[in-house]
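The transmembrane segment annotation in TrEMBL covers 6-28. As annotated by TrEMBL, region 'Disordered' applies to 87-107. Taken from TrEMBL, the feature Mg(2+) binding site applies to Glu134, Asp175, Leu177, Asp178, Asp301.
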Amino acid sequence: MAPMGIRLSPLGVAVFCLLGLGVLYHLYSGFLAGRFSLFGLGGEPGGGAAAGPAAAADGGTVDLREMLAVSVLAAVRGGDEVRRVRESNVLHEKSKGKTREGAEDKMTSGDVLSNRKMFYLLKTAFPNVQINTEEHVDAADQEVILWDRKIPEDILKEIATPKEVPAESVTVWIDPLDATQEYTEDLRKYVTTMVCVAVNGKPVLGVIHKPFSEYTAWAMVDGGSNVKARTSYNERTPRIVVSRSHSGMVKQVALQTFGNQTTIIPAGGAGYKVLALLDVPDKSQEKADLYIHVTYIKKWDICAGNAILKALGGHMTTLSGEEISYTGSDGIEGGLLASIRMNHQALVRKLPDLEKTGHK
């Protein structure tokens with residue numbers, strides 16, 4: 001007997017096709033939603049998740065403990081470039097223009113190469129966070145610098161558990177070479193590389209690395225640190241560290257405020273000045289009781305120091321006592337006052353003339 005033919009109902013075919021289209025629509029809409037969600041967090045399609053930490057792979061959260069580990073590594077790697085260029089004595093020095101005080105705003109190969117290492121190490125590890133850096137990042141020089149996902153024992157000892165935050169709340173501030181002026185003058189003790197992590201504009205994680213002595217200070221607010229405050233500070237006749245290249249009128253006003261017995265310490269680099277307030281085991285590091293700055297300053301210069309001081313119970317504010325937000329613009333107009341183990345607000349009230357000077 002010949003096989004019987006199968007007759008398909010036109011209505012059945014239509015229903016089958018509609019069901020198929022429904023399944024395809026469901027699958028494709030889910031795919032698109034995932035893509036748009038990733039873009040909304042600042043990521044890129046397929047965004048290099050395999051190279052980054054597990055917490056960053058879903059684009060939703062990052063672990064501050066992992067960010068600290070990568071920040072320390074980035075500061076050290078950048079410092080290696082800074083030291084290598086300086087020791088080669090081929091700096092390729094050039095000017096980016098003038099500062100507001102009329103000084104040359106210099107840049108060297110040390111700045112550029114350190115910036116490249118630091119930026120791409122952090123960006124590869126944490127592709128979904130915003131990174132602000134002092135130097136321009138050229139896409140043609142892009143590097144994929146992988147992190148081995150290992151958190152150093154000294155960090156694990158201080159911070160035992162992960163600290164997750166939304167990736168979109170994080171802003172990283174990089175200073176690939178602080179104290180470039182002093183770097184060109186071969187005043188090596190002032191030079192640092194710095195990384196800061198701010199969450200919702202508040203500094204929570206700071207790293208300051210000294211490439212030429214290979215000393216690194218780090219701290220996390222409500223976490224831990226490898227550096228501490230000194231046992232005592234002089235509040236009546238303090239030693240005040242100020243900028244040697246952007247000092248403005250701070251020397252004169254500080255002497256008027258605290259008296260002629262006050263010691264003024266001119267120094268280069270904001271990172272160096274913050275370390276001057278702490279107990280740092282570096283023989284080249286000077287000691288101070290206060291850090292005062294009265295002119296415009298960039299946030300990548302001060303964010304790391306602000307985070308470290310805050311983690312240790314200290315303070316860094318504008319001269320009028322306002323907290324500094326690490327979002328939006330890349331600089332602050334109101335000068336700054338940094339202290340630790342002192343009555344910070346009493347110091348703010350004592351410096352009204354400095355506050356006015358800072359806005360000139």
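FYI, residue positions are counted from 1 along the chain as it appears here.
Every residue gets a Cβ built from N, Cα and C, even glycine.
Overlay of TrEMBL feature records on the structure.
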residue	record	Cβ contacts under 8 Å, 6 or more apart
Glu134	Mg(2+) binding site	Asp111, Asn115, Ile174, Asp175, Pro176, Lys298, Trp300
Leu177	Mg(2+) binding site	Gly78, Val82, Thr108, Gly110, Asp111, Ser114, Asn115, Tyr183, Val191, Thr193
Asp178	Mg(2+) binding site	Val191, Thr192, Thr193, Met194, Gly269, Ala270, Gly271, Tyr272, Asp301
Next on the checklist: At a 10 Å cut-off from the C-beta of Asp175 (Mg(2+) binding site), count the other C-beta atoms across all protein chains.
Outcome noted: 33
Checklist entry - For the recorded Mg(2+) site formed by Glu134, Asp175, Leu177, Asp178, Asp301, which further same-chain residues have Cβ atoms within 8 Å of the site's Cβ center? => result Ile174, Pro176, Ala179, Thr180, Thr192, Thr193, Met194, Gly269, Ala270, Gly271, Lys298, Trp300
Checklist entry - CB neighbours of Asp301 (Mg(2+) binding site) within 10 A? => result 26
